[in-house]
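Presented below is the structure to which this report refers.
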């Protein structure tokens, strides 16, 4: 304790009272008035009596906390001091002065205490800072060790494969263990209403806002309630899904949101909750969110022709769609992201099988096969038949996956530019690697109009016409925009063709003028040398 405790040690003064030695003890924080009162009480004098202290050689001693200490052998003598009678005014002044002096004394004592407390706090803060630095270092070490373990695990599980390219990125699969920090946006009634319609403008929203919209859909459809989904786990899962979509021009997280929002709007538009079980709705929504996870931006044709790791792994059978499924269930396998944690094992098996079936159905190579099967069932469609329902769910996710042209033109058309950009990136790479190039992906052969007309005419319209037979409401809301979109691109193609024809004529006239002039000069010379017969 040392110096810290010595400052609080009381002071002892010895008084000689009629030959009797009286010891008086007081703290250094007492003021002069308190000490004088204490001496008066010790000598039997009335309080407030003015007294003086004398040493053994009759020298006067100042009565205050700093007065010199003495011993039993050298006690101070106490002498009352005779004072004149003072007026009431003087007594009042003296009282006020005494109070002021006492306040000053207290103020000085408070300042001293403040200084001591401040010094003590400074010492504690320094200690906390040092301890905090230790914690930071420990956490950094833990993080480094965790990264090293993950890298070692990835290396141990990696198979040596003679593939040309690998698109896997296992680092993304590690979910965030803390509660996701993206802001929880409070959706306005107008946004909630618009979110249920196919006309929703998906370009107006930032990623955090799209995450909040997806979270709202699960609550609004009753999925969080019916399957006891932990809201924090739902947010963490959505954030992990977001992190596992790549920044491709087309196949990115916004496309994921676009497809899921269209599925959500079809649930409300077609009254699907009356036709399907809640588990079916959960499968439809979750498959839509996961259907393009970790898409590398190069389609199945490229994967197969380039003999990539995905093509080899899945034996050229829907390599991308199989990869999307695998990533989806790797994320769900993490306890922190398992939104199906409360679902019984048999229920989870059904959900898993349903999601795999729907995601694999998005492979456009299977389009004709799925459409033919669905048309067969349409003749006697039975909602109680599980096979019929499965085919309908496959058609629904296919509709949502390629539904951009269902939206208003100002929302749909930018997606065409995004898709063509991704196509051109692939065709450029295929040319550089000596691989086959599809004409509809070649930047030298395709235009926006030619890319869309055939797709709308032979894929989109027939598929949505089939769905309209089950849900007539689809015709006005979804089929009519497709007809209008087809007309728009046909007009655009006519304009493109007219411009090309005009360009050809201009080039022909420009390149043919010198030749025609030469021929005319030659004819004139010939006519001069050969006169026509009479």
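The backbone N, Cα and C atoms fix where each Cβ goes, glycine too.
Features reported for this protein in Swiss-Prot:
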type	residues	note
DOMAIN	175-496	domain 'PDEase'
BINDING	251, 252, 253, 254, 255, 292, 401, 423, 451, 452	3',5'-cyclic GMP binding site
BINDING	255, 291, 292, 401	Zn(2+) binding site
BINDING	292	Mg(2+) binding site
REGION	500-534	region 'Disordered'
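What Swiss-Prot annotates, mapped onto the structure for a quick look.
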{"residue": "251", "record": "3',5'-cyclic GMP binding site", "contacts (Cβ under 8 Å, 6+ apart)": "245, 292, 295, 297, 422"}
{"residue": "253", "record": "3',5'-cyclic GMP binding site", "contacts (Cβ under 8 Å, 6+ apart)": "207, 210, 241, 242, 245"}
{"residue": "255", "record": "3',5'-cyclic GMP binding site", "contacts (Cβ under 8 Å, 6+ apart)": "292"}
{"residue": "291", "record": "Zn(2+) binding site", "contacts (Cβ under 8 Å, 6+ apart)": "256, 259, 324, 358, 359, 362, 397, 401"}
{"residue": "451", "record": "3',5'-cyclic GMP binding site", "contacts (Cβ under 8 Å, 6+ apart)": "416, 419, 420, 440"}
Do you know which of the binding-site residues 292, 401 has the most other C-beta atoms within 10 angstroms of its C-beta?
-> 292
Note the mean pLDDT of the domain 'PDEase' (175-496), expressed as a whole number.
-> 96
Residue 291 (Zn(2+) binding site) falls, by DSSP collapsed to helix, strand or coil, into coil
Give the maximum pairwise CA distance in Å, whole number, for the residues 251, 252, 253, 254, 255, 292, 401, 423, 451, 452 listed as binding 3',5'-cyclic GMP.
-> 23
If H, G and I count as helix, E and B as strand, and all else as coil, what does DSSP give for residue 251 (3',5'-cyclic GMP binding site)?
-> coil
